[in-house]
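Asker: Below you'll find the structure I mean.
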Amino acid sequence: MQVSVDTLPLQTAKPVETISLDVTGMKCAGCVSVVERQLKSNPGVVCAQVNLVTEVAVVEFQAGKVDPAALAEQLTSKGFPSQPRCSQAEDKSHSENNLKLAAKRDRESRDQIWRLVIASVLVLLSTIGHISHWLGIPMLTLLSNIWLHWGLATLALLGPGRQILVDGWRSWWHGAPNMNTLVGLGTFT
């Protein structure tokens with residue numbers, strides 16, 4: 001059977017719009033994949049691209065079929081806090097939101113530095129316990145007690161490592177396990 005051009009139905013191209021979403025909470029390429037999959041699962045979404053470094057998702061969708069706020073709400077419910085990105089004209093009126101976001105990032109940076117300092121102290125205490133065997137210093141052998149090392153490991157998991165464990169559990173709960181889920185399972189087995 002031959003098909004001619006005349007017999008094919010005319011397909012009208014629907015106008016496509018593009019929006020940008022600010023997406024936080026992504027830690028790895030697996031998170032990027034989950035966010036893209038969530039966005040593409042919405043009817044009317046033509047294409048979705050997510051950048052881990054800039055924390056931005058660019059979504060192309062059929063005009064009138066997708067609500068940007070609903071997309072952001074869906075991602076937020078899946079553990080990736082999101083909001084539609086403001087245009088440059090709106091950006092001035094939303095400078096307060098930008099200041100809050102910058103303050104949040106500064107606070108997260110300070111928290112990460114403190115977690116690093118605490119983890120470093122715990123590693124140092126654990127290392128001294130192991131080195132005491134080589135140095136032959138009797139006072140340091142107290143630091144090689146297995147229960148002390150158990151306590152240091154527990155403190156490391158519940159202190160500096162807590163955020164990783166909580167994030168891993170949340171992503172597993174939402175059906176999108178990530179690297180933190182793998183780390184959490186590994187530490188508790």
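Think of each number as a place in line: the chain as shown, counted from 1.
Glycine is no exception: its Cβ is also placed from the backbone N, Cα and C atoms.
The annotation domain 'HMA' is assigned in TrEMBL to 17-83. Residues annotated as region 'Disordered' in TrEMBL: 79-98. Feature annotation from TrEMBL assigns compositional bias 'Basic and acidic residues' to 88-98. What TrEMBL lists as transmembrane segment is 113-131, 137-158.
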Asker: By a Cβ-Cβ criterion of under 8 Å, what residues six or more beyond either terminus of the transmembrane segment (137-158) are in contact with it?
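Answerer: Apart from its flanks, the transmembrane segment (137-158) reaches 119, 122-123, 125-126, 128-131, 165, 187.
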Asker: Calculate the per-residue pLDDT averaged over the domain 'HMA' (17-83) and state the result as an integer.
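Answerer: Reported value for the domain 'HMA' (17-83) is a mean pLDDT of 90.
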